[in-house]
Amino acid sequence: MGQSKERLSPEALHNRALLAVAFLGIIWGATYLGVKLAMRAIPVFMLAGIRELLAGLIFLLGSWIWEKPQKVAWRDLLIQGLYGLGFFTGARGLMALALEYASSGLVALVFSLIPVYVFFLNAFTGQFRFNRRILAGLALGAIGMVLVFRESLFGMEDSGQLIGIGIAFLAALSWAGTSVLLYGKPEPLPLLLRSASQLIVGAMGLLLISTLRGEQLAWEALSWEAVGALLYLVLFGSIAGFGSYAFAIRHLPVARATLYAYINPFVALFLGWLVLGEALSLELLLSFCITLLGVYWVNQGYRQAAAEVR
């Protein structure tokens, strides 16, 4: 496994990372539907904790079978665990809390703007120089997201909604900030073990919150539909999804790796229409086109930046 990676050229790794981002746009968009279905029987923090814990244990088993890590330092595991707290306990935990105050549309809007938050964090830390195409693409993507969720913006004067928006912003900032911290750092641990450490520690934090909140499984509401949704969240949302994200941020600038967030809402809305009978509109199609144009410009901007470096 390790040898095959060494034979890949930087261009091949780059192209695979772009495919990983496109993959994330689809499968993480579908997790919104999975969470809706699973939450009919499993409380939100318990659901997130179980999902990440199962995925982390599967990653750990995979690492033991294929990577066979030798002489792992506890310090390295601790550092990855802290990243896991940022990604999962912080980001997903706060997002769940935000949903108790604000509408799902507003929370989704705040999270869909993660590429913009990454831009400001990168600008603050000086990690990357942005050009006009990248800035224009990020702005177009943000406009597309606001158009999608514009109806959710009404009622923002409500104090509960404002609290929820603030919590959602902290959640998104936790995800974006952890991603920026990870970018370009040397990785002493192999991919599967690294992902396992982050998922398991993050899950422990989520399950602790679930316990403190007194959440209980609704056994009477447990159905094959909820179990199937949980399996999707574990296998695709966490294992395939987070594994792809960990790979993408190793081989792409973080603002480019997080472009999946501009695509997720459209996948979620399409599946909501297909499975739950939720409404679609021409305005949504227009928003999608604007957002896709933004994603295209961002990618062109990064290609231009790479050509200037060469």
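For all residues, glycine too, the Cβ spot is worked out from N, Cα and C.
Any TrEMBL annotation is an automated prediction that lacks curation.
According to TrEMBL, the protein has these features:
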| type | residues | note |
| --- | --- | --- |
| DOMAIN | 17-149 | domain 'EamA' |
| DOMAIN | 163-299 | domain 'EamA' |
| TRANSMEM | 17-35 | transmembrane segment |
| TRANSMEM | 41-65 | transmembrane segment |
| TRANSMEM | 77-95 | transmembrane segment |
| TRANSMEM | 101-121 | transmembrane segment |
| TRANSMEM | 133-150 | transmembrane segment |
| TRANSMEM | 162-184 | transmembrane segment |
| TRANSMEM | 191-209 | transmembrane segment |
| TRANSMEM | 229-247 | transmembrane segment |
| TRANSMEM | 259-276 | transmembrane segment |
| TRANSMEM | 282-298 | transmembrane segment |
Proximity verdict for the transmembrane segment (133-150) and the transmembrane segment (101-121), three or more C-beta pairs under 8 Å: yes
Touch test for the transmembrane segment (41-65) and the transmembrane segment (191-209), at least 3 Cβ pairs under 8 Å: yes
Distal contacts, the transmembrane segment (162-184) - CB-CB under 8 A, six or more residues away: 83, 86-87, 90-95, 97-103, 106-107, 110-111, 113-114, 117-118, 121-122, 125, 127, 156, 249, 253-254, 257-258
When counting Cβ pairs under 8 Å to the transmembrane segment (229-247), the leader among 17-35, 77-95, 282-298: 17-35
PLDDT averaged over the residues of the domain 'EamA' (17-149): 89
Same-chain residues near the transmembrane segment (17-35), Cβ under 8 Å, at least 6 residues beyond its ends: 44, 47, 108, 229-230, 232-233, 236-237, 240-241, 244-245, 247-248, 250-252, 256-257, 259-260, 262-268, 270-272, 275-276, 299
Remote residues contacting the transmembrane segment (191-209) - C-beta distance under 8 A, at least 6 residues beyond either end: 45-46, 48-53, 55-57, 59-60, 62-63, 66-67, 69, 72, 77, 80-85, 87-89, 92-93, 238, 242-243, 246-247
